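A short worksheet on the structure shown next.
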Amino acid sequence: MTRLLGGRIEVICGCMFSGKTEELIRRLNHVRLARQRLIAFTPRRDTRYRLGSLVSHNGLSVEARVIDSIRDIPAYLDSDVDVVAVDELHLLDDPPDAAREVCQQLADRGLRVIVAGLDQDFRAQPFPAMAQLMAVAEQVDKLYAICVRCGAYATRSQRLIDGKPAPADAPTIVVGGQELYEARCRACYEPAQ
């Protein structure tokens, strides 16, 4: 067990299908190779795959605790934990500042905190919790997908309803995969009306 001096916060962000969970799992595999103790968390809202696992679109997985709030995390930690991972942060039902506060407290205890999530909603507006966390993180990695329309780098998540862009007044959070979302570049993204 090797705890990082001072701890740190790492954020992995990007649009749908950009490989955020895959990158998180890759980092957690390195943590295991270093014989560090980790604990991973996933939101109860994420019902796309197996509850209790971080699962990437390509099928990689890691066991995870299911939580409703970022504030649930400290109750699961003991003194042996070195690394805390949270996938799909934007799906947690918390005030925007809760993620920043909890992650900073964990990093201040000397833990490495790795968080993955969407940086923007389907309207191309920032998810407030992710934006706040990115501002205080030691490392922010923005990943991109490939635009399904033109093949350029995609940074937007286009939500579709019957093949058309979702209206601006649609709910911000709708859990889904390729049946509801497409990765699109700035030029091909159609703003919600």
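Note that Cβ sites are derived from N, Cα and C of the backbone, with glycine treated the same way.
According to Swiss-Prot, the feature ATP binding site maps to Gly14, Cys15, Met16, Phe17, Ser18, Gly19, Lys20, Thr21, Asp87, Glu88, Leu89, His90, an assignment based on sequence analysis. Feature annotation from Swiss-Prot assigns active site, proton acceptor to Glu88; the stated evidence is sequence analysis. Here Swiss-Prot flags Cys147, Cys150, Cys185, Cys188 as Zn(2+) binding site, drawing on sequence analysis.
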Show, in sequence order, which residues other than Cys147, Cys150, Cys185, Cys188 on the same chain lie with their Cβ within 8 Å of the centre of the Cβ atoms of the Zn(2+) site. Val148, Arg149, Gly151, Ala152, Ala154, Arg184, Arg186, Ala187, Tyr189
Taking only the binding-site residues Gly14, Lys20, Asp87, which one has a CA atom nearest to the CA atom of Cys188 (Zn(2+) binding site)? Gly14
Have a look at the recorded positions Gly14, Met16, Asp87, Glu88 and say which one has the shortest Cα distance to Cys150 (Zn(2+) binding site). Met16
Going along the chain, which residues six or more apart from Lys20 (ATP binding site) have their CB under 8 A from its CB? Ile12, Cys13, Gly14, Asp87, Ala116, Gly117, Leu118, Leu143
Simplified DSSP label at Asp87 (ATP binding site) comes out coil
Neighbour count, 10 Å Cβ-Cβ cut-off, for Met16 (ATP binding site): what number do you get? 23
Spatial neighbours of the residue listed as 'active site, proton acceptor' that are distant in sequence (at least 6 apart) but have CB under 8 A: Thr21, Thr42, Pro43, Arg45, Asp46, Ala116, Gly117, Leu118
Cβ proximity for Leu89 (ATP binding site), under 8 A, sequence spacing 6+, ordered by residue number, returns Pro43, Ile70, Ala99, Val115, Ala116, Gly117, Phe127, Ala129, Met130, Leu133
For Cys185 (Zn(2+) binding site), the nonlocal same-chain Cβ neighbours (under 8 Å, six or more residues apart) come out as Cys147, Arg149, Cys150, Ala152, Tyr153, Ala154, Thr155, Arg156
What are the non-local neighbours of Ser18 (ATP binding site), defined as same-chain residues 6+ apart in sequence with CB under 8 A from its CB? Leu143, Tyr144, Ala145, Ala154, Ala183
